[in-house]
Every structure is written in structure tokens, then in C-alpha cells.
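Note sheet for the following structure.
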Amino acid sequence: MSLLLFGLLNLAGVPACKEDPLCTCDSDVRRCRCVGRQLDRVPQHLGSSVTHLIIDDSTLTAVRALDFENYPQLVDIAIRNAGRLQSVQASAFEPLKRLKRLSINGCSSLRRVNGSFVLCNGRGCILTLNLANNGLEEVPGLTRAVTSGPIFRGATYIDLSGNKIRTVSQGEDGVGVDLIGLILSRNLISSVGGGILPGSRIHLLAFDHNPLVNVHPLAFARLVILKQLDLSFTQIADLPSQGLLRLEVITLRGVYTLKRLPTVFAFQDLRIARLTYAHHCCYFLNVRRTTTLGPRHCSKRRSKRYAVWGNFKVRNDSVKEANGRTWHSRSDFKTTRPLLHRKLLVIPGAARPLGLCIPEELVDTLERVKCSPKPDALNPCEDMAGHLFVRLFMWLAWILAVIGNLGVVALFGWLCKCGRPTGVSGFLVSNLAFADLCMGVYLAMLAVQDVKTAGKYCNYAVDWQSGLGCSSAGFVAIFSSELSMFTIVAISIKLWYDTKESFYGFTFEWPTAVILQGIAWLLSILLAALPLANVNTYSATSVCLPIRTESVGDKAYLFTLLLLKLFAVGYVAFNYLHIYFMVSGVKLPAAHTQDWVMARKLTLLVCTNFVCWTPTIVLGLSAAVGRPLLDISTCKYFLVLAYPINATADPFLYAFSSSTVGQQVRLYVAAVRSNLIDHLHRVRHCSFKSAVSNATESTYSQVGVARKLILIFLPVAPSRLIPNDWCSPHAGRRYTLSIYHPAAFKRRGLKICVWFSVNN
């Protein structure tokens, strides 16, 4: 009776389910889950009505071609945590006409899939192909058995993230798959070849979180459509431009190696750009200002030739790039996107085409792009100098600083070489001149870089701010500023000590000066090196100053610098005021006039330090507490007006106007003048000696005697005459000759005594 009932149920189409301790199915045998380490192959005893099959924690080693032939109704297959699975035949899923979702996850031994997945067949398409977190080393083959229909209808979402894929190479011709997404995140991909998935239409292509370095210039060129591209947290240095015309969303977060983008005209349909650097958004914000000619000029040009952009109908004999090379040279073009795709954007990385008549519709489209991160107060879309006034004054400041401080260093070096050292004061002032010379070098680096990038700084901003040049400039700036500050404090201490102790006969000694300057150098180098160790950063702005306030360490560093400057201003002012009151209290003749002279000089010293350091202190403290008073564009005025004041004024305040230096110079000039007079004196005497020698030679030859010649230089007063008998004679007849040159030498006369004897 039971056998008869079983047969009748089968004839009626009711599924039969055999008992299996490793599998559990629902009441109508449509959803089955098989679990167990004893499961070493796909179960074959489940009913043909099964639509959902899950195999968990099994010991499967392979999925063979006929493993699912008994389950033609399968819609969803999931194989999870099969650590021994090594081989999967893609053809095993081809007979499953109703299959919509296929998941194979957690199979670390699975290296490759044999064959190609048929994503679409006559009855439907696989909507989800999840092969994440396996050990795959290559992208499985993908194909479709039917011709593509409407865009992305029946498209597949493929997840290959978390595998061990190392490269994505060129696919076979005519693949032509439609994909909602192809996710290749968190693999080991280092390169992408040219022409991947030719003829395919892909909505989202993700390569994020890969050690990707090289992307072929034609990697996306053979894609029919690509809507979204994610290359975040990769290491690419160049972004291909071809194949991106219809791209709507591009994500490039954390791609610090990508310093420049292709021309903005490679993204004609772009709506959203998520980038790494704020300066890259300037490409889109400045597209109208930097690339288009005036309407009147363009209307004249359109009468003869036109540029090709997107869907706009145009004709052009030759459209050139910014560097002068021709993009295409073909007449009477038809207006299609593929034409532009093939002919116009042929080189990646072009900075921007200049002097082209860009259609207004395209400019409007690019200006509406939602780009992030947006340029902020620290990184506006402008040149380094920002304004012509800043540029001119920057050049003036660095030239004065370099020439003035080089002159001070050369002067003190010259005096020391000539044996006229200037003591402790000269040592301190020489250190100050070197520090201020470094400030001039910093301003020179900014000025030269500004000239090189004028009008196109956004193209070079990332290269400059993240490169060695900006780090070097920032280091020099902080080192110069701190060393100058510490040295000015040391000079004020020296002046204060000498003034206070001069009444008792004490002076500021060399060991103390050397120790103070040694500490100043060590602290200056340390403070300048901290941003290189990621305590703040020099790459926050175009002027390479460490003004980032994102972390506690950044703020602590800023507060340290600014409080040191605040202390220096107060201490120097106190010392100079104390010096004035000490000296003005001593009543000497003409003391009132001397007091005013000293007061003017000390006031000038205090005021230059105050004007130089106070704006830096106020603006820096306001930025450190999160309430900046001015943006970086306005701060650049203070940078060139206030920051280099000490560097340009110190040579005159501390060196050229010093009475000690002036006295040493005057003494040296007097010595040089005296030596020069002696040299000229010897030159004239040698001329006379030659003449006398010639005369005596002829006389001696006549008388046949030996000759002797003695020349004696005698310093005398200008009006004094030296008698001829002053020269000491020898035996025999003597002849003497006296010569005096009062016109040639104002303070020194010359008497030349020529003595010779003739033996009879």
C-alpha cells in the first residue's frame, strides 16, 4: 500500500526526499542545507525540486561538470568554507537555466576556475556571482550565450574581492558581458593590462585596496561603457584617459602617488569625483578660466574650423594639445563619441589644452562636477604667490636678504682672515647672518617655484607640496626662524651683561657664547626636523609652513613654536629697556645726546622683532585653536611683508652699523693703504736702481775696477732734507746721490744713497 502511495505522489509531481543526516531541507524540499566534514562531494540524492542549496564546512575537493545535473530548478547555490576545494568546473553551472545567484566563499585552496562562466543563456542570467575570499589567482573567464539587450538589463554583479589575483590581463575578443559591478578589491593586483573585457558594458569597476602600480594606457579603451571606477588606496602614478568619456563617478581616495590627472576633457559625463588631493578639484573649478578663449575669438574661429568635443558636431583640420602635438588631423568629421574616444584623447596626463574653443555645454558640465575634497582656506585654487604684489615683494625680499647677509658673512670672514677678529659680538652676529641667509634661501625657493608654476599651479601642487622641494624649503624656513630668534636673544643677553658688568670690569666670555649658540643650533634643528617625522607637516600649504591642526601633536607643535616666539619678543624687549635705563642713569658729559642715539637704536631693534614675530604669533595661535583669522591667500601678504623683516634688516642693525665693526674696517683700510704705499715705493725705487746700475756699469768698464752699490731707504718728514754725508763711506773715493719725492708720498720721504769706490 505504501509503495502504491509513493508512486502516486511521484506521478502527481510532489517531491520525495530521502533522509540524510548531513542535509536538512524544508517541508517542500526547495531549500536544503548540507553541513559536515564528512561531506566530500555534492549530494546527489536531493529532489529535483530543490531551488536553494547551501553546502557549509564540507571537505569538498572539486566541483565537477555533472554535479548539479539532478537539480535543474536551482536558483541559488552557496558553497562556503570548503577549505579543501581546489577545482571548480564552470561548466557545472551551465545547464542550470534558472540560476540567479552563485556563491563560493572561504575556499582558500581554490586557485582557479576551469572554463568560463556563461552569465546569460536563453532563459535568464546569473545576477550575482560571488567568488570573494578564496585563493583565486586569476580572473575567471566570463561570457554570455545571448546577444546583449538593453543596457544593464540582466547584468551580473561579480565579487572577486579578497582573493590572490595578481594581474588583470587582456580578455578575449567579443566577450561583451554586461556587469553591474566587477569588484576586484583587496587582491594582490599590481598591474592591469590593455583592453580588458573588450566589448563589455560595466557599471562599476573596483580595483581599490590593491598594490596596483601600473595601469596600461589602453586598459579601459575597449570597454563600451564604464560608469563608475574605483582606484582608491592603490599606488598608481598615471590615470589612463581613454575609455573614460562616459564615466560618471570616479573614486581615487588615498592615491597619494597620483600627482596629476589627465585633461578634464577625458571626463565628459562626469558627475562625482572623489579624489585624494584638494588641488585636483581645481581642474574642474577653473576649467572655464584656464582653457577657453573669448566668445568673439571663438566665433571667428568657428567660421573655418571647429574642435571636436563629445557629441557636438564639429569639423577640424588639426586640434593640438597643450604641448603642440596634434590630437587628430582629419577633415569633415562625423559627430560621434566613439570618434572622440578614438582620436582626441590619445595621451594620458596632458595638463590642459590651451587656447581652444570649448563648447559651452561641455564647460557647464565640467563645472557642475561634485568634487571632493574641496579646496579650503589652506589650499585655495591659486598660484603660490597668489597676487602680483606678493610675487614682486617676495623677489625683492629674498634678494635683499641674500645679498645683505652674504655681505655680513663675507665681511666677518675677511676680518678674521686678516687677523682682526671682532670677538664674541662678531661670532654672534655671524650666526645671525647665517640664519637670516637661510631665510633668504627659503624665500628664493618659493619665488622660483612660483615663477615655474605661474598660471598652472594646480598641475604641480601635489608634486611640490608632497615632494622633497617643499620639505626642504619648510625645514630651512623653520630652522632659519628659530636660529635667528635664539641668536637675537643671545645678542640681547650679551649686550645686557656687558652693560651691567662693565662697571665692574667683566665682559661676556667666549665659552658662554659658544654654549648658547650650540644650544640654539640643536633646538633649531630639532624643531625643524619634527615635521619630517610626522609631527605636523610641511605639505599642508603651498608655502611649506607647518600649520596643520588635525591632531593633538600638530597643535602642540604649533603652540611650542609660537610660545617660544612670544617669550623671545618679551625677553628681548625687557633686556633692551633695562639696558637703556642702566645707561641713561649714568650722568656723563653729552649724556643726553648719547641717550637719544642709543634709545633710537634700541627702539629700532625691538620694533623690527615685534613687527616680524607678532603677526606670526597672532595668526598661528588663532589657527591652532581652530579659529583662523585669515585664509592662506591673505596670510601670504604677511609672509612676504613681515616674516622676512628681520632677515633683511639685521645686516644693517647688527653688522654694518656697529661701531666695533666700523673701527676694525677703518684700521684694516689704513693698514692696507700703508702697505700699498710701501709697494708703490718699492716699485719706484727698483726703477731708479735699474737706471743707476746701467750708468755705473759703463763707468766701471772704463776704469776697470769692481763696483758696489748700496741702497738705503730712510723715512723722513716731507720738509726735511737729508745731507749727502749721512751715508757711511768706505775707503776710497766716494760719490753720493740723494733723491727725495715729496709729491709722491705725503707722510714718508725717500733718500737713496748710492755709494761706490774707484780704485786707482
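Every residue gets a Cβ built from N, Cα and C, even glycine.
TrEMBL does not curate its annotations; it predicts them automatically.
Residues or ranges marked as domain 'G-protein coupled receptors family 1 profile' by TrEMBL: 404-654. Annotation source TrEMBL lists signal peptide at 1-19. Per TrEMBL, transmembrane segment is recorded for 392-415, 427-447, 473-496, 508-530, 556-581, 602-625.
Counting Cβ pairs under 8 Å that are 6 or more residues apart, the transmembrane segment (556-581) and the transmembrane segment (427-447) reach fewer than 3 and are not in contact.
Beyond its flanks by at least six residues, the transmembrane segment (508-530) meets 424, 427-428, 431, 435, 474-476, 478-479, 482-483, 486-487, 490, 493-494, 497-498, 536, 557, 560-561 of its own chain at Cβ-Cβ distances under 8 Å. The predicted model assigns the domain 'G-protein coupled receptors family 1 profile' (404-654) a mean pLDDT of 80.
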